[in-house]
């Protein structure tokens, strides 16, 4: 299975060889783990990587239900799906984005941003639809109070735990992709910022048993970011396309406001009214005043920082547009003045004499016949 066109061969285990063949190497590792399921002696080890662990069976009105909680074995599952994500990343890059890039003939800087937006659009689209499905089936939309009632939410359904494991796998996979995609050095700090922020928030929601609030916040965030990257893709295709950016700007601010409101409602108000506010690691209860304040501070700081960056960019963009408009007006006025002077300086000939436009002759000079 070859993901990249080989224009040149490199020595084994060299840097260029690993970059060019990283998807094939990871694919071989995945096949090796799957083969382990075929043998009884290795099946128990292989299943640690493929299937979420720490499941328990309980009885309710609908019958027997299997629930999950987290533990250190989740690291193996995240590692396996990290490899799957690297393979899917290479498939999207090779069979979708590279073909579009060859038709658009973008510059190197725009090509990098186009690939980044294309990859993130696919991820945000899948994750937003998936999270919306989980939110609807779990009943969080019809019962908002379920976001904080019966905390701690230690036991998760399969779809909730698997969603969080794949989210962690994707954002951890983004770190080695900076090396595999040969991202420019000036772009690495910016990408590390949002990768670290996503990892921080997803891990906090998963480990602090705030998975219900985290699901809704991730859905809102992914929906907003998908709008931005879709707008950027359309802009690269047609640089006169700006309307989607204006729509995204409104959605971005609304997302920040809804996120802050929801966090204060669920964490600052809902969990604060809970009777059990003692730290208990065995039961997974982190509902204490200090932890609630820390969670609210992290979320509020992140949202405020995003808003500050957004408004600063908008103000700088507005100043640039004003300067461009002023420069265009000065250039147009200068061009109009030159045309006026040229028209006033040029007269007409009558009986061999230069006549001005008003009919007078400023200089009585005979024009010699050619």
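Backbone N, Cα and C atoms are what each Cβ position is placed from, and that goes for glycine too.
Keep in mind that what you see is a predicted model, and the values were worked out from it rather than measured.
Copied over from TrEMBL:
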- 112-321: domain 'TLC' (DOMAIN)
- 21-39: transmembrane segment (TRANSMEM)
- 78-97: transmembrane segment (TRANSMEM)
- 118-142: transmembrane segment (TRANSMEM)
- 162-180: transmembrane segment (TRANSMEM)
- 192-209: transmembrane segment (TRANSMEM)
- 247-271: transmembrane segment (TRANSMEM)
- 291-311: transmembrane segment (TRANSMEM)
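Per-residue pLDDT, averaged across the domain 'TLC' (112-321), gives 91. Here the transmembrane segment (162-180) does not touch the transmembrane segment (291-311). Their Cβ atoms form fewer than 3 pairs under 8 Å, with each pair 6 or more residues apart. Using the rule of three or more Cβ pairs under 8 Å, pairs at least 6 apart in sequence, the transmembrane segment (192-209) is in contact with the transmembrane segment (291-311).
Long-range Cβ contacts of the transmembrane segment (247-271) within its own chain (Cβ-Cβ under 8 Å, at least 6 residues beyond either end) map to 144-145, 147-149, 151, 210, 213, 216-217, 220-221, 223-224, 227-228, 231, 287, 292, 295-296, 299-300, 303, 306-307, 310, 314. Distant neighbours of the transmembrane segment (78-97): 3-4, 22-23, 26-27, 29-30, 33, 49-50, 114-115, 118-119, 122, 165-166, 168-170, 172-173, 176-177, 180; these residues of the same chain sit at least 6 beyond its ends, with a Cβ under 8 Å from one of its Cβ atoms.
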